[in-house]
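Structure first, commentary second.
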Amino acid sequence: MGRLTVAVRVRPPVCEPELDSNVATSSPQKTTVNVTGDNVILNEATPKHGIFQKVFRSRQFKFDQCFDSAKSQEEIFQILGATVLDSLLVVGQNCSVVAYGQTGSGKTFTMLGEPFQPGFIPQFCNYLIDSQANCSVSFYEIYNEKVFDLLSDCRKALSVRQHPSDGPFVLGLQRQALKSSDDLKRLLQIGIESRTTAKTVSHHSSSRSHAVFTIYLNEDKGPKLHLVDLAGSERPHHHASKLEIRESAHINRSLATLGNVILCLSCTSSARNGSKFAPYRDSALTWLLRDSLGGRAQTVMIATISPEARFYNETLKTLRYANRARSIFSHTGDSENRGGRHGVDDAIEAELRREIDRLRVALADRLNHHRPPELDHRFKVCHCIRNAEGQPYVVRYDSNTRSCMTSPLPVVHSDDVPVIKRSKSVALSPIMDQSPRDAPRTRAVARGCLLMKTPAAPQTPSDDEHVSQLFPSALLLQPCLAVLLLLFALSRLVICRLRKK
């Protein structure tokens, strides 16, 4: 089972003058973050006084990948993007890349980049264009829990609906075909200009919404790739306006819901029989990304942090958030895309299908060649009720047919008849003229079934013949029971094997 890939990227320190005398400078000598291999060491910004000297407390976090400020956009994409492209194009799984962090830590730069330093979105699209893949894209934002299409000329809130088989989707969201790099530049420019931004203390152009860029491959039911640029996770400033406080409340609520979903998935993966409910519907972000969180989806989370000492609390919060997300394990749940199954599951499924086909053939052969004579006679009686077109005769009960209807007939039960068609055209006018004592027999004929009792036979049948007359289907009980027991044992064996794995 594959694990959610969590990577940490440290942005370069910003060389700006100190904002306050109590705020540490952003020079490299006074940074609080050190990257050693796959570990991130966070040093405490304010030292604690020990008995003899000042003590700096440090925290260490381990992740799948850690990138310092010297790593370029292309190097990071070659490391993280290779796994995503393999799962998307070869295996056929849904994938997602999520950038999480505080405002000004480099989320938008990691996802979009600059003209000479393209981010994940341009690099993924250029790779698919060079591969001549048939794909389309959509670009929308989630602002104050409302979805807006960034590629549409009309800014109108869209509704989120639930499809019976495809899951959640945005009603009225536009999809644009992606055929060349010029199309990509045009769509990105339109989307970036339409996105909601505002000036904050940490950044002069902070994103106040979650942006989701989705790439659809081949067709509607093909795999898709979500590239998500989350909004900043910092607290609002004490001088913030009501609009900024409202924006921060919605942003923190959606990020908290995402954290709760991650926590539920991690608890479910750690417990063998865990069934904790994940609150996907509490936020539009988690509801739309449901098919990319856990399950068979390949997910990459990039946590961006700042090395500056004045952002120590925000950096610690981001590292804890990413460390909790790292505990998610993929489940082997059902998936519509058959290409996402493992080789072992395919072999077991093929073996079970062959066994089921063999048992069906054996059961049909036994029913056809070893049918008791009494059951053959009852099948013939049932087929005599039908005419040449396959429809049952319309039996009219009048004085001419009274004598033949009172003659003894073999007992025909509905359990012994494989298919009994009800007549759609029954002459009801003669039926209404019958006497009350003939009403039960007339209603039975109108229903298309002849359920009549035979008079007592003059001879006394043997015990075997008596049992076969009362229970004709009991003669077939032994082979059917054997087949059912075999299928039950086979299913138990498969369940045991899957649990061991």
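In case you wondered, yes, glycine gets a Cβ from its N, Cα and C as well.
Worth saying up front: this structure is predicted, and the values here are computed from it rather than measured.
For reference, TrEMBL has these:
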type	residues	note
BINDING	Gly101, Gln102, Thr103, Gly104, Ser105, Gly106, Lys107, Thr108	ATP binding site
DOMAIN	3-328	domain 'Kinesin motor'
TRANSMEM	475-495	transmembrane segment
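According to DSSP, Ser105 (ATP binding site) sits in a coil region rather than a helix or strand. Local packing around the Cβ, expressed as the count of other Cβ atoms within 10 angstroms, is greatest for Gly101 among the binding-site residues Gly101, Gly106. For the domain 'Kinesin motor' (3-328), the model gives a mean pLDDT of 83. Within 10 Å of the C-beta of Lys107 (ATP binding site) there are 28 other C-beta atoms, taking all protein chains into account. Using a 10 Å radius centred on the Cβ of Gln102 (ATP binding site) and all shown protein chains, the other Cβ atoms total 23.
Using a 10 Å Cβ-Cβ cutoff, Thr108 (ATP binding site) registers 24 neighbours.
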